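TrEMBL has this to say about the protein:
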- A:12-29: compositional bias 'Low complexity' (COMPBIAS)
- A:89-270: domain 'ABC transmembrane type-1' (DOMAIN)
- A:344-534: domain 'ABC transmembrane type-1' (DOMAIN)
- A:1-40: region 'Disordered' (REGION)
- A:45-66: transmembrane segment (TRANSMEM)
- A:86-113: transmembrane segment (TRANSMEM)
- A:125-145: transmembrane segment (TRANSMEM)
- A:151-171: transmembrane segment (TRANSMEM)
- A:210-232: transmembrane segment (TRANSMEM)
- A:252-271: transmembrane segment (TRANSMEM)
- A:304-328: transmembrane segment (TRANSMEM)
- A:348-370: transmembrane segment (TRANSMEM)
- A:382-402: transmembrane segment (TRANSMEM)
- A:414-437: transmembrane segment (TRANSMEM)
- A:458-481: transmembrane segment (TRANSMEM)
- A:513-534: transmembrane segment (TRANSMEM)
Amino acid sequence: MPTPETPAAQDSAAPSRGPAHPAGAPAPAGRRRGRRSAGARPSPALFVPACAAALLAVLPLLYLAVRALERGPAHAWDIVADERTAALLGRSLALTAAVVPACLVLGVSLAWLTVRTALPGARAWSVLVTLPLAVPSYVAAFAWLSAAPGLAGFTGAALALTLVSFPYVYLPVSAALRGTDPAQEEVSRSLGHGPLRTFLRVTLPQLRPAAAGGGLLVALYVLSDFGAVSLMRYDTFTRGIYTSYRASFDRTPAAALSAVLVIMTVALVAAESRTRGRARHSRTGRGTARPAAPAVLGRLRLPALAWCGTVVAVAVAFPLGTLGYWLAVGSSATWDPTTLTDTALTTLGVAAAGAALTTLLALPVGVIAARHRGRAAHLLEQAAYAGHALPGITVALSLVFFAVRYARPLYQELPLLVCAYAVLFLPVAVAATRAAVVQAPPVLEDVARSLGRSPLGALREVTVPLAAPGIAAGAALTFVVCMKELPATLLLRPTGMDTLATRLWTETGAGSFAAAAPYAAALILLAAVPSYLLGRHRT
Amino acid sequence: MTDLQITAVRKAYGAGTTVLDGLHLTVPGGSLAAVLGPSGCGKTTLLRIVAGFLRADAGSVTLGGRTLTAPGVHLPPERRRIGIVPQEGALFPHLSVARNVAFGLTGLDRAARRRRADEMLDLVGLSGYGNRMPHELSGGQQQRVALARALAPEPQLVLLDEPFNALDSALRAGVRADVRAALQATGATAVLVTHDQQEALSTADLVAVVRNGRVAQCAAPQDVYHRPADPWVAAFVGDAVIVSGTAAKDEATTPLGRVALAAPPSGLREGLVLLRPEQLRLTDAAADARGTVTDVRFYGHDAMVTVAVDGMDAPVDVRVPGPAPVRPGGRTGVRVTGEGTLHPVPHVRH
């Protein structure tokens, strides 16, 4: 089964960094030791490819700005100020406002129950409640829509998005709960505060950064989601951009809408990294000497179990069950095994190409981010993380614009799609590479240098072999997210090409659920393999 | 021979944080020098500049006549022929012990590399360990492999960066002796960076005490200990007894009686006389000074007795072999043996 430790193994819109990446980046071994002093400049052999990667990553952002303002700021402003835009904005914000609090309630309550109480089977529950991360939002939407078509619209979109994204709150909050020092709570009790007051005054404030970070990730996920909202026919920004792109030859509206969406997501990412910074400060020392004594639930035991059971049933068992049902009722009349196999192979192929390019581009950036300080290194890393803030639909759109204007032969060709994957998922691969390289002590490079190796030679013979497992894990993760990507694939795929995700989307959109089910099942199964390997690598 | 010559080396990180302030140091070829200093004195920065991992702001480093660092010159680390032994060894975890040792042996064929690696492992007393992986070795063994790896390409200089820090004290003396023997066997010039006074004094041929980015004193261990350049060095390299004194010829008059002076100062009459606690004796007869015992600390091989001497502001420490014959509160006489050194009263205390 897909592993719980891969929160970023998500469909297209999955944000890849942040507190919801608890097992992704093993704690850097000391900032001072991990990095080189400011004096050491990255070698050009690293710096030049890293710049190329960073440039590719920010290209969509730059091009979007150019394109949106092409017909003058007035034209763009007319579109932004249009009441349809306001309506889209209102719907996107309403959806976010519904999903984020729901995720906070689910995430924090489940985290507390599984980490700090004597809940029967706490370990099993803690695995089960992270499984929804492996369900792409459009698969969840498919499940609910096929069972209750009446849910289409706000309710269905909110439900599907909540049930796939609450683990983004659960994971950092449970990590924070595990990380808090029980001695602090004991001190509070010894100073005369009861259990409830202690929880409110000592425990909860320490969870706030983790919960806020998780909540922001959920908001980012909701704003950039395309699959669930489009299947649920709920017009948010992403769906508005898609329809406006499909409907009209004037692409400025789509670009202007994209620009507004990007501004919103960039603001969220900035806010998220700020809470993350504070969260780091609030944690005193890694790992506690001993775990906290679990709270006895008493009469609350049954309600607690019922709560966990309901969440797992609704978020995990229900989509799988629905899928099973449609697979069972389907027949060779509703789907063709040859097409399924072909689509699966195509999906594997493009995902492999995407993962390969992304990993290759991430390597120099990750090494520089891990080993060098200074403004240039910082800028490079930040640029590579641009994809973190860019919804798949906007990346696709900007690459379409760019290709049509400057690289016509690439338009609707595979390389463009692979580039989109690289832009979108560079953050995943850079974060993995950086974490892996930080783990390889720089003193080993020093030793290699003193034994006659050039800087690149030391990198090749010492650092890269040591970081290889982490880099490979990043590649596997990138492979999984490429496979699940929907909006960019929809816009950029060569004519006639289908991936499992686009096929699932088309069939579900047409209401042929039995025809869609095999593609969903194939996608989950294929994505589960690397996720499983990844989980084993980490444990 | 391959003398290491460090001349007027400066290094600052940003404005106002000068780490090395025109440091001079000469290490004769074939000798083992210890660079001793408190944390933050710049000793690690010095080591990284010599190894070529850092660029100096000014000054030069030459090794056996070759210029490694000078204004406008910066030889990259891989061309310096300087071996390094970092803290905790830093063995390549993905390579076997033999491949770790052979890592620097380029330009040799396979058989020659293996032969040389075996030779080096033999030198550090680890023959037969070649096929192990680093994590299968104890800390002391890792440290010795790190030394073998550094020595294998026959470097002109070996830099050891607090190499015994991570070892527990029982192991430390043994590894230290092994390292010293291996270095002597190869005849390599070596610089050991440490903040541990005992390690510096017991291992090195030459001790350079570094303070605030400069060498405060560079001399043989016994000279640094018995003839410290100033009271700060005296206190840094060991326990010191500092008393005021008035010099006359090769003798000083102090509250502890007359003290023979090691290097009679020219022109200096009033100053501070430095002694070591083991130069003081507790005695009842023939005492030059008397006082009250305020504290007794027992260390096993010896004991330290603190005595508030009548007529002195600060108490003095007396090291006595074995169990102390006195108790706190008792009266005792104090007598000085051996020679002391006279220093001017410092205006600014470090």
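The backbone N, Cα and C atoms fix where each Cβ goes, glycine too.
Tertiary neighbourhood of the transmembrane segment (A:125-145): same-chain residues 1-7, 9-13, 110, 113-115, 119, 151-152, 156-157, 159-161, 163-167, 170-171, 174, 221, 225, 227-228, 230-232, 308, 311-312, 315-316, 318-319, 322-323, 484, 486, 501, 504-505, 508, 513, 516, 520, 523-524, 527-528, 531, selected by CB-CB distance under 8 Å and a gap of 6+ residues from either end.
Panel annotation: around the transmembrane segment (A:304-328), residues 106, 109-110, 113-114, 117, 119-120, 125, 128-129, 131-132, 135, 139-140, 142-144, 146-147, 163-164, 166, 297, 513-514, 516-518, 520-521, 524 of the same chain, lying at least six beyond its termini, place a Cβ under 8 Å from a Cβ of the stretch. Remark: the transmembrane segment (A:86-113) contacts the transmembrane segment (A:151-171), by the rule of 3 or more CB pairs under 8 A. Counting only same-chain residues 6+ beyond the ends of the transmembrane segment (A:45-66), those with a CB under 8 A from a CB of the stretch are 255, 258-259, 262, 361-365, 367-368, 376, 379-380, 383-387, 390, 394-395, 397-399, 401-402, 419, 422-423, 426, 456, 459.
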